[in-house]
Amino acid sequence: MLDIWWVQIIIYLLAVVSYTQFFKAATKKSKKDGALTVTLEVITSIIMLAFIPFFEIKWATDIKVYLFTALAVIFYCMKDRMTTTVRRHLDTSTVNILDQIVNVFMILWGILFFKEEVIFKKIIGAILIILSNVMIFYKKGNFKLDRYVLLSILSNLALSIALALNVDNSEKFNVAIYQVVTLMIPAILIIIFEKIKWDDIKNEVKEGNKTAILMTGISWAVMIISQLRAYQTGDITTVAPLSAVSVILNVIAGYFISKEKENIVKKIIAGVIIVFSIFLIKG
């Protein structure tokens with residue numbers, strides 16, 4: 001049952017909505033963004049350990065794989081850290097729409113650095129993603145991006161660089177172990193460079209929303225594994241657009257759970273455009 005791609009898609013969509021809503025709830029009582037990021041990364045890593053037996057134990061033999069993975073981890077760290085601040089200050093639905101910009105960057109890197117063929121429908125898909133975001137932030141003749149929107153774009157740039165550096169490298173490791181590494185090392189880096197103390201982390205758990213923190217960690221782990229299994233057992237041209245439905249679901253969830261009523265129609269339209277865009281890009 002768990003090897004059926006559409007079951008994994010359903011699990012993934014539920015996990016994404018859960019992750020998004022609980023993450024937002026966790027930020028509301030958080031005292032320090034860096035400490036919350038570390039807390040979530042550690043919890044997710046611990047949960048991810050349970051998935052190790054379900055995947056083949058294997059290690060890369062080429063030293064270059066480890067070097068590129070090490071570089072990628074730095075950008076994963078940047079992405080995770082910026083994400084916490086972004087999710088604190090922006091609506092959940094807005095963040096999920098902005099997060100699709102990573103696909104635009106990936107197309108760009110593919111053309112510039114991997115000499116991929118310029119495919120017309122992919123370019124159209126990228127343009128539609130950009131336009132869907134422009135539509136959200138265009139109001140009465142004005143187009144304004146605040147610093148948290150720009151930070152979100154920057155975080156997606158960091159993610160795209162990490163993914164580009166690590167193309168296919170994750171397949172050379174046990175998937176769960178690889179995820180633990182790409183979560184724990186960023187946590188350590190944040191602790192070092194932001195000078196996060198043990199008391200900061202302890203206070204996040206003690207004084208924060210414990211349920212939201214735990215559920216964010218669980219959802220994060222399940223989200224990663226379920227999407228991976230969906231891609232492994234299904235057709236990318238079907239799985240990718242259906243995964244993008246999470247954007248629409250989070251707009252709806254944000255409306256009812258987080259009371260995010262501003263631009264609701266625009267956001268739903270943007271979500272539909274994004275699903276079609278991903279179909280063009282991945283199809």
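From the backbone N, Cα and C atoms, a Cβ is placed for every residue, glycine too.
Features as listed in TrEMBL:
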type	residues	note
TRANSMEM	6-23	transmembrane segment
TRANSMEM	35-55	transmembrane segment
TRANSMEM	61-78	transmembrane segment
TRANSMEM	90-112	transmembrane segment
TRANSMEM	118-136	transmembrane segment
TRANSMEM	148-167	transmembrane segment
TRANSMEM	173-192	transmembrane segment
TRANSMEM	212-230	transmembrane segment
TRANSMEM	236-257	transmembrane segment
TRANSMEM	264-281	transmembrane segment
Report task. Compare 6-23, 35-55, 148-167 by their Cβ pairs under 8 Å to the transmembrane segment (236-257) and return the stretch that comes out on top. Result -> 6-23
Query - Stretch contact, the transmembrane segment (118-136) with the transmembrane segment (173-192), Cβ-Cβ under 8 Å, 3+ pairs - result: no
Query raised in the report: Would the transmembrane segment (173-192) count as touching the transmembrane segment (90-112), i.e. at least 3 C-beta pairs under 8 angstroms with sequence separation of 6+?
Result: no
**Report entry** Candidate ranges 6-23, 35-55, 173-192 - greatest C-beta contact count to the transmembrane segment (212-230) (under 8 angstroms)
**Finding:** 6-23
Query raised in the report: Can you find at least 3 Cβ pairs under 8 Å between the transmembrane segment (173-192) and the transmembrane segment (35-55), where each pair is 6 or more residues apart in sequence?
Result: yes
Report summary line: Per the Cβ under 8 Å criterion, with at least 6 residues separating them from its ends, the transmembrane segment (61-78) contacts 155, 158-159, 161-163, 165-166, 169, 172, 181-182, 185-186, 189-190
Query raised in the report: In the same chain, which residue numbers or ranges, 6 or more beyond the ends of the transmembrane segment (6-23), come under 8 angstroms Cβ to Cβ?
Result: 40, 87, 92, 95-96, 211-213, 215-216, 218-220, 222-223, 226-227, 229-230, 233-234, 239, 242-243, 245-246, 249-250, 253-254, 257-258
